[in-house]
Amino acid sequence: MSMTDLLNAEDIKKAVGAFSAIDSFDHKKFFQMVGLKKKSADDVKKVFHILDKDKSGFIEEDELGFILKGFSPDARDLSAKETKTLMAAGDKDGDGKIGVDEFSTLVAES
């Protein structure tokens, strides 16, 4: 399954373009722009599993840096600052990684 099976390709392209500048990434705006906020809980979980590249059941900090590439292969990597900000927002239990429920909460709070 690919991201465009779940989200509109044009919305993804616009959202990735909107955050092309380093240190401009805002996960709340990004999730809204790609249409993730409007998706069912099931679809949000499917997106999580696409982003969980190593299939560990968590998005670790190293995977988080590549989150935009999970939506579009030609997107940029997040900066260290953006990655840490996103991890702080999503890692509710402080274990250094984002689980599927934490990701769902992160999207819902967007």
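Heads up, the Cβ atoms here are built off N, Cα and C, so glycines get one too.
Residues annotated as Ca(2+) 1 binding site in Swiss-Prot: Asp52, Asp54, Ser56, Phe58, Glu60, Glu63. What Swiss-Prot records for Asp91, Asp93, Asp95, Lys97, Glu102 is Ca(2+) 2 binding site. The domain 'EF-hand 1' feature in Swiss-Prot is assigned to 39-74; the stated evidence is sequence analysis. What Swiss-Prot records for 78-110 is domain 'EF-hand 2', and it gives sequence analysis as the kind of evidence. Annotation comment: Swiss-Prot describes Ser2 as N-acetylserine, evidence class similarity to another entry. Sequence annotations record features per position, and here Swiss-Prot assigns phosphoserine to Ser2, Ser24.
Everything Swiss-Prot records as a feature, shown here on the structure.
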{"residue": "Ser2", "record": "N-acetylserine", "DSSP class": "coil"}
{"residue": "Ser24", "record": "phosphoserine", "DSSP class": "coil"}
{"residue": "Asp52", "record": "Ca(2+) 1 binding site", "DSSP class": "coil"}
{"residue": "Phe58", "record": "Ca(2+) 1 binding site", "DSSP class": "strand"}
{"residue": "Glu63", "record": "Ca(2+) 1 binding site", "DSSP class": "helix"}
{"residue": "Asp95", "record": "Ca(2+) 2 binding site", "DSSP class": "coil"}
{"residue": "Glu102", "record": "Ca(2+) 2 binding site", "DSSP class": "helix"}
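Nearest to Lys97 (Ca(2+) 2 binding site) in space, judged by Cα atoms and limited to the recorded positions Ser2, Asp54, Ser56, Phe58, Glu63, is Phe58. Listed binding-site residues: Glu63, Asp91, Asp95, Glu102. The one with the lowest count of other Cβ atoms within 10 Å of its Cβ is Asp95. Comparing C-alpha positions, Asp95 (Ca(2+) 2 binding site) sits nearest to Phe58 among the recorded positions Ser2, Phe58, Glu63. Nearest neighbour of Glu102 (Ca(2+) 2 binding site) by Cα distance, taken over the binding-site residues Phe58, Glu60, Glu63: Phe58.
Cβ environment of Asp52 (Ca(2+) 1 binding site): Phe58, Ile59, Glu63 lie under 8 Å away, each six or more residues apart in the same chain.
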